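A quick write-up on the structure given underneath.
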Amino acid sequence: MRWLNDPLLSVEHLVMRFGGLVAVDDLSFNVGRSDITAVIGPNGAGKTTVFNCITGFYRPSGGALTVRGGAQTFALEKMPGHAIAAKAKVTRTFQNIRLFAGMTVLENLLVAQHNPLMRASGMSFLGLLGIAYPAAERAAIDKARHWLDKINLTSRADVAAGELAYGDQRRLEIARAMCADPILLCLDEPAAGLNPRESAALTDLLLGIRETTPTSILLIEHDMSVVMEISDHVIVLDYGRKIADGTPAQVRRDERVIAAYLGVEDQELPAVVAEVGS
Amino acid sequence: MTNLARATTAAADRPGTARGGARAVPQAPSPQGAMAAALKDAALAALVMLGLSFPILLLRSDVGSNNELVLTPRVPLVVAACAIVFFGRLAIAFVRGAWRRSHPRRMAAASPVGTRPVVGRVAGLLGYALTGAAIAFPFLAAYALGGLTPARYWIDLAILVLTYLMLGWGLNIVVGLAGLLDLGYVAFYAVGAYSYALLSTTFGVSFWICLPVAGIMAAFFGILLGFPVLRLRGDYLAIVTLAFGEIIRLVLINWVSLTNGSAGISSIPRVSFFGIPFTREDDGFAATFGLAFDPMQRIIFLYYLILVLALVTNAVTLRLRRLPIGRAWEALREDEIACRALGINTRNTKLTAFAIGAMFGGFAGSFFAVRQGFVSPESFNFMESAIILSIVVLGGMGSQVGVAIAAVAMVAGPELLRRLEILQVVFGEHFDPNQYRLLLFGLAMAAMMVWRPRGLISQRTPSVLLHGGGSPAAAPAEAR
């Protein structure tokens with residue numbers, strides 16, 4: 001129950017409205033430090049909306065999002081989008097992969113290290129003169145290489161990212177987010193469209209991140225085998241509200257989850273929805 | 001694709017090793033090998049040209065006054081012919097390399113691992129070749145035409161080409177690297193020109209102080225334009241920048257008390273050799289350096305001034321491309337949302353692109369003013385923006401060499417066409433090709449969009465390589 005004792009991210013009474021539509025309604029949960037936390041729920045439950053609020057792509061209509069990174073505390077709902085990644089160190093991947101397709105794999109990983117490299121190049125002025133920057137870039141390339149080794153793409157480092165196979169692109173996007181040194185890595189459906197072997201490689205990568213780095217992981221996933229295998233903590237959303245919160249074993253036994261999400265036959269659905277709603 | 005090529009080469013090598021090292025298939029040339037081969041090939045072609053030109057070009061035979069044979073040696077002509085063949089051959093090698101790159105299937109069968117660096121190196125080589133040709137140009141022209149004064153037309157034309165080249169390279173930062181379509185680039189050119197014109201005529205400030213000031217002024221206007229368009233992309237951005245260009249022009253026309261309106265500003269001080277004027281007087285350039293006075297000295301100086309300015313633009317752009325800011329520009333062009341998710345401040349990144357692109361436009365503008373001695377709003381209409389943008393688009397967005405080739409073709413092309421007498425023979429005596437300039441532009445554009453929709457040189461050189469490439473800091477001048 002690390003998420004209760006040592007929460008890295010606290011979401012409190014989060015509300016997100018689009019006009020009259022309430023996508024997220026009074027949602028509260030914690031993400032534990034060094035945990036892998038999964039957010040699951042049927043389509044349209046508001047999972048990606050929660051992600052967009054955490055990573056600054058939406059400004060929440062209400063509520064608080066607090067990240068406690070070591071000594072500092074950040075109120076994400078008040079920060080501009082890029083500062084959430086740069087200062088609060090929360091990075092993300094996207095449901096539809098967003099790599100810099102025309103740039104090489106290595107360049108993608110260097111762009112992720114933009115802020116430290118920019119400082120090392122003296123806001124480009126020193127870099128233009130060739131002072132101090134080359135060493136910083138070598139270090140950045142070494143870090144990129146470390147992650148390329150982890151995702152088995154070292155030999156493809158100089159290939160345009162758009163030319164990679166789909167599964168490789170997914171892993172590259174995760175490696176790119178990791179190159180920004182996040183304390184919280186948000187993954188939006190990382191296993192979508194992967195075959196079983198690629199799914200297994202992804203699981204290993206995520207477990208490796210948990211074992212070897214201080215980064216905590218928050219992920220949205222539909223693939224239950226992945227969720228149940230790697231998660232320490234599962235949060236279930238339905239219609240923008242939290243319906244269950246606990247360990248994978250607890251969530252699996254939860255009746256409301258079973259009714260809303262895991263095993264309801266199509267013809268039973270209206271009856272169950274009516275029951276849950278009441 | 002590289003892997004496929006590698007597999008092919010590996011497969012090709014195997015039977016060779018089985019037969020005791022005798023290679024069945026000729027081994028693929030290494031990048032250095034390709035470069036050396038291109039150089040060798042060009043040198044050989046130049047040698048053949050030399051052999052041919054000796055009997056044909058070297059000696060001109062005339063009948064003298066006493067019916068005797070008079071031989072006039074024409075060494076410069078031979079040298080020029082050999083140089084043309086040498087550089088032309090290099091250019092062909094480069095184009096072939098680029099063609100192979102764009103047709104990977106044939107390349108995988110015929111050649112080699114790591115073609116990308118080969119094209120990059122040949123492009124770099126072509127860059128050096130073009131730079132060398134540009135440095136030698138005034139002298140080549142003078143030799144070929146027998147003196148500086150007859151060569152004036154060509155040197156003036158070259159200055160014009162280099163001015164557009166610099167503008168093209170400046171705009172390339174905004175359009176090619178950062179992917180922000182800017183239809184009002186001429187506004188910054190105008191700001192630079194009027195900065196120098198006003199500062200020098202009002203306060204008598206020298207060109208060498210005005211040049212950086214003009215750059216800073218233009219950069220400031222770049223940021224001014226940047227702020228309102230931060231959230232716009234594509235078509236909407238193009239419309240706003242187009243309007244910005246027109247606003248600047250209309251302000252220049254209507255703010256008569258400052259800019260003298262449509263009449264423009266005349267008698268702008270001419271360029272000096274770092275303070276020494278190009279005049280006949282005793283303190284003039286010629287007298288100071290003990291040379292005979294020649295008005296062409298100023299023209300030659302202007303030529304080298306714009307050449308240096310253009311090369312600085314190029315060097316800075318190439319350097320920036322390998323720095324985090326340059327990679328951030330390219331990333332911004334590829335996916336702005338991903339940039340934000342990685343902590344890149346997209347606002348500042350866009351504004352620096354606008355500011356730096358505008359700064360080079362400002363430099364070019366103040367050069368324009370010092371060269372012409374006269375500026376008026378008429379020089380900064382939309383047509384100029386369109387020509388500069390065409391140079392960037394035709395050249396291949398982001399490619400420095402492509403922009404250079406396009407600048408020569410777009411600016412010098414119509415001028416050369418005008419001098420082609422064959423057109424008068426075909427279309428009649430009163431045919432003026434200059435009137436058909438826009439039509440030809442349009443045709444060239446349409447043809448390009450059909451055959452090479454991504455520009456003359458569409459291949460992107462990676463800013464950094466993990467395998468088989470030097471670190472960018474170690475080889476900053478490569479791959480122009």
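Cβ coordinates are placed from backbone N, Cα and C, and glycine is handled just like the others.
Copied over from TrEMBL:
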type: REGION; residues: B:1-27; note: region 'Disordered'
type: TRANSMEM; residues: B:42-58; note: transmembrane segment
type: TRANSMEM; residues: B:78-99; note: transmembrane segment
type: TRANSMEM; residues: B:125-145; note: transmembrane segment
type: TRANSMEM; residues: B:151-171; note: transmembrane segment
type: TRANSMEM; residues: B:178-199; note: transmembrane segment
type: TRANSMEM; residues: B:205-229; note: transmembrane segment
type: TRANSMEM; residues: B:236-256; note: transmembrane segment
type: TRANSMEM; residues: B:299-318; note: transmembrane segment
type: TRANSMEM; residues: B:351-374; note: transmembrane segment
type: TRANSMEM; residues: B:386-413; note: transmembrane segment
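Same-chain residues lying 6 or more positions outside the transmembrane segment (B:299-318) and placing a CB less than 8 Å from one of its CB atoms are 131, 134-135, 137-138, 148, 152, 155-156, 158-159, 162-163, 165-166, 169-170, 172-173, 177, 271, 273, 278, 356, 360, 363-364, 367, 370-371, 400, 476-477, 479-480.
For the transmembrane segment (B:125-145), same-chain residues at least 6 beyond its ends with a Cβ under 8 Å from one of its own Cβ atoms are 35, 38-39, 76-77, 79-80, 83, 87, 90-91, 94, 151, 154-155, 158, 162, 300, 303, 307, 311, 400-401, 404, 479-480.
At the 8 Å Cβ cutoff, the transmembrane segment (B:236-256) and the transmembrane segment (B:386-413) share fewer than 3 close pairs (sequence separation 6 or more) and do not count as touching. Scored on C-beta pairs under 8 angstroms, the neighbour of the transmembrane segment (B:42-58) with the top count among B:78-99, B:151-171, B:178-199, B:386-413 is B:78-99. Long-range contacts of the transmembrane segment (B:386-413) within the same chain: residues 123, 126-127, 130, 157-158, 160-162, 164-165, 167-169, 171-172, 175-177, 182-183, 185-186, 314, 317-318, 330, 440-441, 444-445, 448, 452, 454-460, 480, each at least 6 residues beyond the stretch ends and with a Cβ under 8 Å from a Cβ of the stretch. Listed by sequence, the residues of this chain that lie at least six past the ends of the transmembrane segment (B:78-99) yet keep a Cβ under 8 A from its Cβ atoms are 34, 37-39, 41-43, 45-46, 48-50, 53-54, 57-58, 115, 118-119, 122-123, 125-126, 129-130, 133, 136, 140, 143-144, 457, 459. Cβ atoms under 8 Å from those of the transmembrane segment (B:178-199) belong to residues 167, 170-171, 205, 207, 209-211, 213-215, 217-218, 221-222, 225, 229, 234, 237-239, 241-249, 252, 258-259, 265, 268, 329-330, 332-334, 349-350, 353-354, 357-359, 361-370, 375, 377, 379-382, 384-386, 388-389 of the same chain, restricted to positions at least 6 beyond its ends.
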